[in-house]
Amino acid sequence: METSNLVDSLGFPPMEDAAEEVSISKTMAIIACTSMSILYVAILYSPTLILRLPNPSTLNSFMIRRFICAAVSSVISVFLCAFLLIPVGKWGLSSLFGLYGIRADHMWNAVVYPLSLTSLLYTGWFVTMLISPKKSRNEDNVNGDLFWCLKNSIRGFLERMTSLTSNVLAWRNYVVAPLTEEVVFRACMIPLLLCGGFKPYTIIFFSPIFFSLGKSSFVISHLNHFLELYFQQNYTFLKASLIVGLQLGYTVLFGSYASFLFIRTGHLIAPVVAHVFCNIMGLPMLSSQRKGLSVAATVAGFLGFIWLLFPATNPNLYNYRTDNCLCWHGYCTL
């Protein structure tokens with residue numbers, strides 16, 4: 001059966017009519033994405049600069065205010081995206097959730113496959129934990145290298161998750177930041193850019209630009225980190241530059257990777273779980289005291305990541321969601 005006939009038989013509008021209904025200009029898509037990026041940061045500073053509210057007296061109250069601001073900016077972006085891509089009279093939970101990649105179907109695939117793929121980048125860390133000095137194992141009174149590694153990894157993960165109940169910074173790193181950033185910079189911006197006529201790989205490689213624009217405070221914080229390393233911790237200019245440059249580069253690369261996951265799977269949960277996992281783990285291990293085996297494991301994990309990147313994100317595993325505007329609106333979902 002031809003695609004057009006299949007679409008008609010499922011009750012969706014013809015492809016040509018759908019294209020006219022949901023497409024926007026490239027200029028409009030860029031303006032909307034730029035506005036969302038700036039808005040994401042501007043609202044964070046609005047209580048002090050615009051509303052003239054006093055500065056919070058504690059870290060908890062400061063972060064809670066930030067959480068509220070991030071939620072407000074995310075909601076505004078969600079409605080702006082819906083207003084541009086879906087006629088108001090046709091708004092509904094199914095159409096809105098589908099637009100943002102909030103889907104129940106194939107949820108297990110969207111969690112397990114991207115998470116397993118991302119974990120390959122940390123193979124060196126897992127191996128280092130496995131072959132860590134026996135002294136540290138004996139302190140835990142645990143027999144068996146593999147059991148010790150598994151126990152220690154699970155314990156560390158549970159400690160981080162438990163900290164959510166009392167640590168406001170854990171809420172920022174593992175809940176608020178991953179969720180709001182993925183909603184704004186992936187779920188809202190990517191459908192706009194796809195419907196604006198941009199090619200998927202153009203979006204994947206250049207979408208971090210919007211993230212960098214919106215996260216200007218992030219760049220400033222890394223500049224402060226550079227100054228701290230250089231002046232206070234007496235790092236050389238080259239070493240401090242390499243450390244900060246590595247962190248910035250990693251952030252840009254992750255933005256492209258998260259966009260890739262969202263486009264390929266059509267599930268918002270895919271980049272969210274990858275984001276949370278990377279925040280928990282930190283930067284992938286690039287060096288170790290036990291260099292030989294750890295470096296080999298790191299290289300093997302990276303090669304495995306490259307080898308499985310496309311098979312593990314094959315759209316056929318995620319209900320045939322593909323990388324164009326019409327399919328994002330459900331007009332060619334099989």
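Note that Cβ sites are derived from N, Cα and C of the backbone, with glycine treated the same way.
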Matching range for TrEMBL feature annotation, transmembrane segment, among 106-127, 172-193: 106-127
Per Cβ pairs under 8 Å, the stretch of 67-86, 106-127, 293-310 packing most closely against the transmembrane segment (268-286): 106-127
